[in-house]
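*Asks:* So that we are looking at the same thing, I have put the structure below in structure tokens.
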Amino acid sequence: MATPHENVPPANLEGKFIAIVVCWLLGNGCLFSWNSMLTIGDYYSYLFPKYHSSRVLTLVYQPFAFGVLSVLAYKEAKINTRRRNLFGYILFFISSLLVLVLDLATSGKGGLGTFIGLCAISGAFGVADAHVQGGMVGDLSFMHPEFVQSFFAGLAASGALTSALRLITKGAFENTRDGLRKGALVFFSLSTFFAFLCVLLYAFVFPKLPIVKYYRSKAASEGSKTVSADLAADIEILQAEEDPKQLERLSNKELLLQNIDYALDMFLIYVLTLSIFPGFLSEDTGSHSLGTWYALVLIAMYNVCDLIGRYIPLLKFLKLESRKGLMIAILSRFLLIPAFYFTANYGDQGWMILLTSFLGLTNGYLTVCVMTSAPKGYKGPEQNALGNLLVLFLLGGIFAGVTLDWLWLIGKGW
């Protein structure tokens, strides 16, 4: 078992609140571009009516994210975290810009060539996500638990913000091809700007905060090599103790075996969620009085409740930390599959909205409970490695979920 290593900084360190805000913005930036692409699914459905764009783009994204993160998690101890995260955020910026350029260059026309270009950009988003999400979670896992919570809240907030913006743009622009395109261009422009903002925040603001310097110096003193570039950028490195035991750490295999239940938790949370969201909610919920607004409302409710769920664990008496309790709660969510099936076929839109809200609420709540509980009791380098491993299982669950999502199409003539 790991020995206790408390993540409690000296009381006089400044920058905790600013760090929480920056972590939220960096989490938001990690998925803002991708969520923008998902949220304007009605525009892509109009351009590519035969290609199941919401499902295909997600299915292209995930193998790149999972494959690249598998390599990065294996090599985690030797990778420069600063370069890794900066590369990811810069790639997000370039890819977001390319989506905008592609639409402008083709004058908003569909076709196979445009769709293939869009799929290539979706793959680039996956590569960027693998660098940033794993790198940031690993980095934040040896810092204050609220930093990890704030980063994951930012991930959810990107979905909520893009959904809110989509509802606004859909209301502002008439529901025509030209109106859909104007709304999409607003999204592309905002996601490009936000990705660039995240590059600046991570490069020049986050590493200079006193509380971040403290945690990175502490991790270096415990033998971490991943923080060297951040330390060299702006920090006087604390010298590691001479005792070689101070620099020893558990291997990735040992960490995984000790936390296999947490890893399975992350996999199962997301395999269920992504087998329903967004593909099923976009295409398979039937026709209702809300018309073309229906899928947008469902996705917005999921995203808002996912965000709310990620703040519930901040209330200590509502946070679930029991390993057995977490597993039971996560397995219980699989009852949502028959619930969604029967509601889509026999229920009305009110019940579907309620189920979708519950899906989002439990997804956000359980994610934060697992990610803030798992790293406790380990040294900095071990917490970094464990953070990468948990995100790997998270992305593995997403990949499996978006693949299983195609099963909803059985018997529908495709």
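Each residue, glycine too, has its Cβ placed from N, Cα and C.
According to TrEMBL, the record shows the following:
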type: TRANSMEM; residues: 17-36; note: transmembrane segment
type: TRANSMEM; residues: 56-74; note: transmembrane segment
type: TRANSMEM; residues: 86-105; note: transmembrane segment
type: TRANSMEM; residues: 111-130; note: transmembrane segment
type: TRANSMEM; residues: 151-173; note: transmembrane segment
type: TRANSMEM; residues: 185-206; note: transmembrane segment
type: TRANSMEM; residues: 262-281; note: transmembrane segment
type: TRANSMEM; residues: 293-313; note: transmembrane segment
type: TRANSMEM; residues: 325-344; note: transmembrane segment
type: TRANSMEM; residues: 350-374; note: transmembrane segment
type: TRANSMEM; residues: 386-409; note: transmembrane segment
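Describe the structural surroundings of these features, if you would.
*Replies:* Note on the transmembrane segment (56-74): residues 34, 37-38, 44, 84, 118-119, 122-127, 129-131, 133-135, 252, 274, 278-279, 385, 388-389, 391-392, 395-396, 398-399, 402-403, 405-406 of its chain, located 6 or more positions outside it, place their CB under 8 angstroms from a CB of the stretch.
Within the chain carrying the transmembrane segment (151-173), a Cβ under 8 angstroms from the stretch's Cβ atoms is held by residues 23-32, 35-36, 38-40, 42, 133, 136-137, 140, 179-180, 182-183, 186-187, 190, 293, 296-297, 299-300, 302-304, 306-307, 309-311, 364, 367-368, 371, all 6 or more beyond its ends.
The list of residues near the transmembrane segment (262-281) in space but at least 6 beyond its ends in sequence, with Cβ under 8 angstroms from a Cβ of it, reads 38, 41, 52, 54-55, 58, 256, 295, 298-299, 302, 323, 326-327, 330-331, 333-334, 336-337, 340, 344, 356, 359-360, 363, 366-367, 370-371, 373-374, 389-391, 393-398, 400-402, 404-408.
Among residues of the same chain six or more beyond the transmembrane segment (293-313), those with a C-beta under 8 A of the stretch's C-beta atoms are 35, 38-39, 41-42, 149, 152-153, 156-157, 159-160, 162-164, 166-167, 170, 277-278, 281-283, 285, 319-320, 349, 352-353, 356-369, 372.
Residues 261-262, 264-265, 268-269, 272, 275-276, 280, 284-286, 351-352, 355, 358-359, 362, 366, 369-370, 373 of the same chain, all 6+ positions outside the transmembrane segment (325-344), place their C-beta atoms under 8 angstroms from a C-beta of that stretch.
Counting only same-chain residues 6+ beyond the ends of the transmembrane segment (350-374), those with a CB under 8 A from a CB of the stretch are 137, 141, 145, 148-149, 152-153, 156, 259, 262, 265-266, 269-270, 273, 276-277, 281, 285, 297-298, 301-310, 312-313, 319-321, 323, 326, 329-330, 333, 336, 339-340, 343-344, 386-387, 390, 394.
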*Asks:* Who are the long-range neighbours of the transmembrane segment (111-130) in its own chain, taking Cβ under 8 Å and residues 6 or more past its ends?
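*Replies:* Residues packing against the transmembrane segment (111-130) from afar: 30-31, 33-34, 37, 44, 47-48, 51, 53, 56-58, 60-69, 72, 88-89, 91-92, 94-95, 98-99, 102, 395.
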*Asks:* Looking only at residues six or more beyond either end of the transmembrane segment (386-409), which have a C-beta under 8 A from one in the stretch?
*Replies:* 52, 55, 58-59, 62-63, 65-66, 69-70, 72-73, 76, 129-130, 133-135, 137-141, 148, 252, 255-256, 259, 262-264, 266-276, 279-280, 283-284, 367, 370-371, 374-375, 378
*Asks:* Mind checking which residues reach the transmembrane segment (86-105)? Cβ under 8 Å, same chain, six or more beyond either end.
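*Replies:* Counting only partners 6 or more residues beyond its ends, the transmembrane segment (86-105) has Cβ contacts under 8 Å with 29-30, 33, 36-37, 114, 117-118, 121, 124-125, 127-132, 135, 181, 184-185, 188-189, 191-192, 195-196, 198-199, 202-203.
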